[in-house]
Structures are given as structure tokens and as C-alpha cells.
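The next block holds one structure in the form of C-alpha cells; read it before the comments.
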Number of protein chains: 2
Amino acid sequence: MTIQFGYELQARDGKARRGVVHTPRGDIQTPAFMPVGTAGTVKGLLPEQVRATGADIILGNTYHLMLRPGAERVARLGGLHAFMRWDGPILTDSGGFQVMSLASLRKIDEQGVVFKSHLDGSEHAMSPERSVEIQRLLGADITMQLDECIRLPAPHAEAERAMQLSLRWAERCKAAFDPAGGGRALFGIVQGGTERDLRLRSAEGLVGIGFDGYAVGGLAVGEPQEVMIRVLSETLGALPEDRPRYLMGVGTPEDMLLSVAEGIDMFDCVMPTRAGRHGQAYTRFGRLNLKNAKHAEDLRPLDEDSDCPAMRDYSRAYLHHLVRSQELLGAVLLSWANVHYYHSVMRDARRAIEEGLYADHVAATREAWARGDESAA
Amino acid sequence: MTIQFGYELQARDGKARRGVVHTPRGDIQTPAFMPVGTAGTVKGLLPEQVRATGADIILGNTYHLMLRPGAERVARLGGLHAFMRWDGPILTDSGGFQVMSLASLRKIDEQGVVFKSHLDGSEHAMSPERSVEIQRLLGADITMQLDECIRLPAPHAEAERAMQLSLRWAERCKAAFDPAGGGRALFGIVQGGTERDLRLRSAEGLVGIGFDGYAVGGLAVGEPQEVMIRVLSETLGALPEDRPRYLMGVGTPEDMLLSVAEGIDMFDCVMPTRAGRHGQAYTRFGRLNLKNAKHAEDLRPLDEDSDCPAMRDYSRAYLHHLVRSQELLGAVLLSWANVHYYHSVMRDARRAIEEGLYADHVAATREAWARGDESAA
């Protein structure tokens, strides 16, 4: 029997949900973090390492992959899974966010967007239909609708215009999407800036069209954390219980914990790998800057109790040396450690929800981050 | 019983030698390639990956490590083995070569060398005694004498002066060296440019002092390959049969094969990792430039028969994409593949010597490199 895409709610604790997203390429335990494989690689990590950190699913960036190596080329090479040796599910974004943040000389109208590549200046067009087609060529297990992301803060009228355009694009994506036997999924994206009325109208419009999952877009673009959490608290109630909810591009471990409390099931973020390349480590003691001279003779690993080799087996003194020396291995080890830590935050959140202790868990975790590890030094 | 340092000759084929260097930290099968762990890391690779490529020993650079993190600091942190998580033998160079190639404003006299760090301009002094001390602080299993490397071509008188200085420094290194129970080794370095008489006098002088092994230095600095091989053929006969011979900083796989034919047992070179970071792969089909557009849709791995995951499991198309995108993973995979290939060249050479077929093996290997792999495309 073919496994269909679907969400199974297993436990709740307040608004926090513990569940499983079933896909033909494997289950995703939620709340889940999805490492970002921007250009066909989770930066610095072997696919086996990514899997070993606890990743059930990774994300691929349509914008990067359409420019290089190109969606048609990836399809000729057997799809993104074979290309990058990842056999689990892959979610691809629509390309819209990066078109609007990385590309230049863009034009947005009803039809779609025209932009110039940040790589070579070549001109490309992206419509809702083309975005869905590219994601099909890549072989996405979860396809995202094309939407328009605006900068915050934005006037109500501007947020409304972009939200309405995104809704019309959502409808066109739905029409263009071929579920290919039922195993593939299409997610809509709630927009509307920080405006409660717009977010609710966006959610209702998307639910009316009907998607396999719902994302919240346009957040984590510089607004305060409490604004993000407020928007989630005002929005998520309008989304169906039997579909996964994905907060795009978020965030810090604390952002994730607070968003799970509002009912978010899925996250993606470049933060663990980007921070790793810049000498930062996310740990249960909070964030450590390994560049800092105080680590120079610290023989402790990042976390002696971790089951991640990068966290457990290398001294902070060595990591400090690698970071200071700009050694590749420093970027590799810290990216590995951070992605592992993000997954452990999600794993611990899942357990706390199952036990009905989520609020206590969040409080204790935040306290541990704030306390740091100086007492153990 | 404590294992002493020593060389065991197991087979010969012409002048080529197959043997074992015994050390308290493990045996080194020779001919051996030693990956270079410049600044406490074989660039881009985990220690477990380095070991899995077939490395019995790695090299550490005294110059880099004395500047950062500092020899005394490494000692306080438990030595280089613990610091970088490598429990096999480590050979450290004397620092001399890099002082003379990387540092600036140097002064060389009888006492030693004074130089300014390429990192921060700070001034440092290095004498034969200090070089030996630094290598002891690092925890070297094989310590190299301080020598003076000159640029080639050089006038006979200049080559002679530097050779004589290196001999006097060799004597001081021998006096300063503490074998610490007998398990540690000190190698002398034959100098003398491309002059037969100087090389022979250098070798005889070193043998008179008496070392645990003998290196040939001052080659692979731009001279033609045939000059290098000629110098080896004129020099190695003057070295004792019962000590390992190490050709410093060499080279390409072909350089190594031809040097083994002259009786060299050990090599080190940054080429496999440096080439890997620049998109080059060394394979049994010769050197491949993965940047080249012809690889863009080539689904073959670098070598489907290899037991190295980096060579066997990733398509050339994917490697091409990673290299073009300047992704960390491209540098990691190609460094891994290249270090593995270098070790497989040495492994195959050892087998051919054992079988008494070394000359045929060299001819067949060179032919395979020249032929390439287009027939299989």
C-alpha cells in the first residue's frame, strides 16, 4: 500500500502538539527542525552526519538550485535526493523569499516576478506555476506555494495587497500542483504582516483552497520575538488541527520553544550552520562564542553528556584554535554540533509534550541557557 | 616491554624498499604517505576520516603551531595528540622550512633564525635547541632537526654554506634531543642542493652524528622531476639500510612512485588536501579538475571501485556542483578522496615491492594515469 502524506496528532499539552508527519520517504517526528540544504548540501556536513544529528527531513532552496545547477539539470541527474544523497523527505521552498532578498532588479506583478541572478546577472522569471514546476523537477516531497514576502514594518494596505496576491498565487499553485500518486504534499503560506485581521483572512482563504499543510511566512524578518509569538497566537487557531503547521525561517532555540507552545510543528533555519561557520555554538548552556579567548585553555567539550561526537569529543580549546585559525574543521564541527543541538531541542520538546510538562520544560530550558556553564568550569 | 623506535626492512625490489617503522604509538607501513596536519588538523577532515583513509602517521607543522596556539599552550593542553584527537604517531617538522618561506624579515646566523610571524608580525627566535624543545612540547614521535633550506638553483658555494650550517645544527639538535625512554626518534636532514658532492658529504656527516632516520630536504622546490630523482639516486646509497628515509614535501603520486624506486620510505605533502580545496581530484585515471564543465552531468563517481565513500558514493556531477558553488562539502569530499588515493598509491606500491614487480607496477600505473577514463564515459 502506498503511504500517503498526512499528519497524525499524538499528544497535546496546551496548544503545543506532538505528532508525526507521514510521507512515502519516511516519518517526520514533530515538532521537527529541518536543516537547510541551501544549494544541495547542508553546509559542511555529509548526508550521513545530517541523518545522525536526528534530521527526519531537510530543506532545499528553489532559488539557489534553479540558478545552479538548474532544475532541469537536477531532474536529468535523477532528482535532488539522488544528487545530494539524501533519501529522506525534502521540503523545497518556493524561491520567492530569496528572489526578494538576494536577487536584484525584480519586478513583481500579478503574473509573478522577474529577477536577475545574484550569481551572474542573468534574468529569470518565476510564476506560481513555474515555482511548482521547478519543485517537481527537483523532486520535492513537500512543495511550497509561491508567495510575496514584504519587509516589516509595513503599512496595513501594503501588507494587505501582498497577502491578497499571495492568496491568488496560492490558488494557482494548487491548480498547477500534481500530487503524483498522492504521496506528495503542497503547503500554503499564511501572510499578512503583523496584522491580526490580515493573518486571519489569509488563513481562512488558504483553508478554503485546501492544502496538505500550512506555513506561516513573513515572520522572523527583524520584528521583536514577542510580535512573532503574538502573530502566531492570533493565527494558528484558524488553521485545521489535522494538518502540520510550519513556521518558515525560524529561528533561535528559544524562538522554536515558544513557537511550539503556540502550536507550530515544523521549523527551518540556516542559523545552526551559519553560526557554526562563524564560531558560535548552541548548547544547553546557551550560546558560546568559541572565538572568545576564555575558551583558549578550556579542556571541556561543548557538552560531555551529548551523544554527538562534535559536541562530546573535542575540547573547547581545540574548537577555539580551529575557529581562530579559520580552519575548515572548525566550521564542520560547529555546524555538526549546532544542527545536533537543534534536533535535541526538538526531541526534548516532543518528550515534554508527551509528558504534559511542556510549560515547565520551557521554563527550565530557558533558565539553563541563562545560567550558562560557568559553575562547571 | 616498551616498544622502541626502529625500522624493519621486509622486502626489496631493486632499490625499492618495503618495511615497517615501529613506534610506541603504532607501526607505519612503508613506503608511507603522511597527511599534513598543518595547524593541528588535516584540513577539512575528522581524525577518524584521516585514519580510515589508511594513514598510519600524520605530520604537524612546528612553525604554525608555535605561533598558534603556541607550543607551551599545546603542552599544557596535554600535547598535540590529545589536542587534535590523533592517537597514532606524529612527525613534526623543525619549523625551518616555513620560517624561510612564510615568515618575513628573517636573520639567519650560526645561532639560528629570527623572524616575524606572518600572522601578526610578532618577532620570534628559533635555534636548533628551541626547535627540538618545541617539538618535545608538542609531543612529537618523530622530531626533525632544524636545517636551512635554500632556493634552487643556487651557486655551489651557497649550497655548501647552508649544508655545513645544517650539519652543525644537526649536531646541536642531537645534543638537545631527549629520546624520553627510547620511543622517540630524531631525524637528520640531508641538504646540499642539487650538487652530488655536497649531498654525499651531508649524508656522511649526518651518519657520523647518528640519527634514527634520515630525511632528504631542499627538494621539490621547483626543480625538474628528473633532477630530484637524480639527487635521490646519488644520495640514498650513502644512508644506512637500517634506518627509514623520508623525502620531505613530496609530491605528486608520480613523484612518490619514482622516489620509492630510488629507496625512499616516507613522504609528506599538502598536495592532496590543497588540491581538494581547489576542486582537483587525484584518481587512478589521473588528475581530474572537477571545475571543468565536462563533469556537469557525469553521474559516475570518481572511482566506483574505491572503498572510500568520497570517491565511490558521490557523482562527479555533484562534486562539480559543489566546487562551482564553493561549498564546504566539496572541499571536504575532495580532500578526503585525495588523501585516500595517496594512501592507495602507497599500499599498491608496497604490494608490488613484495611481489618483486615494482618496475612493471610503476609503468602500468603511469600508463593508466595517462590513459584517463574517457573510454568508460
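Yeah, the Cβs are placed from backbone N, Cα and C, and that goes for glycine too.
Site annotation (TrEMBL): substrate is bound by A:Asp93, A:Ser94, A:Gly95, A:Gly96, A:Phe97, A:Asp147, A:Gly218, and the candidate from A:Gln29, A:Gln49, A:Gln191, A:Gln280 recorded at this site is A:Gln191. As stated in TrEMBL, the feature region 'RNA binding' covers range A:273-277 out of the listed A:13-17, A:118-122, A:273-277. Just so you know, the Cβ of A:Gly218 (substrate binding site) picks up 30 other Cβ atoms within 10 Å once every protein chain is counted.
Long-range Cβ contacts of the region 'RNA binding' (A:249-255) within its own chain (Cβ-Cβ under 8 Å, at least 6 residues beyond either end) map to 97, 219-221, 225, 228, 267-269, 271, 282, 341-342, 345, 365-366, 369. Around A:Asp147 (substrate binding site), the same-chain residues six or more apart in sequence whose CB sits under 8 Å from its CB are A:Ser94, A:Gly96, A:Ser166, A:Trp169, A:Ala170, A:Ile189, A:Gln191, A:Gly217, A:Gly218, listed in sequence order. Considering only the residues assigned to substrate binding, A:Asp93, A:Ser94, A:Gly95, A:Gly96, A:Phe97, A:Asp147, A:Gln191, A:Gly218, the longest pairwise Cα distance works out to 16 Å. Ranked by how many other Cβ atoms sit within 10 Å of their Cβ, the binding-site residues A:Ser94, A:Gln191 place A:Ser94 at the bottom. Across the structure, A:Gly95 (substrate binding site) and A:Asp268 (active site, nucleophile) are spaced 14 Å apart at their Cα atoms. DSSP assigns A:Gly96 (substrate binding site) to a helical segment in the three-state reduction. Geometry remark: A:Asp93 (substrate binding site) versus A:Asp268 (active site, nucleophile), CA distance 10 Å. Rounded to a whole number, the C-alpha distance linking A:Phe97 (substrate binding site) with A:Asp268 (active site, nucleophile) is 13 angstrom. In sequence order, A:Met100, A:Met144, A:Gln145, A:Leu146, A:Glu148, A:Cys149, A:Ser166, A:Ile189, A:Gly217, A:Met248 are the residues of the same chain, not among A:Asp93, A:Ser94, A:Gly95, A:Gly96, A:Phe97, A:Asp147, A:Gln191, A:Gly218, whose CB sits within 8 A of the CB centroid for the substrate site.
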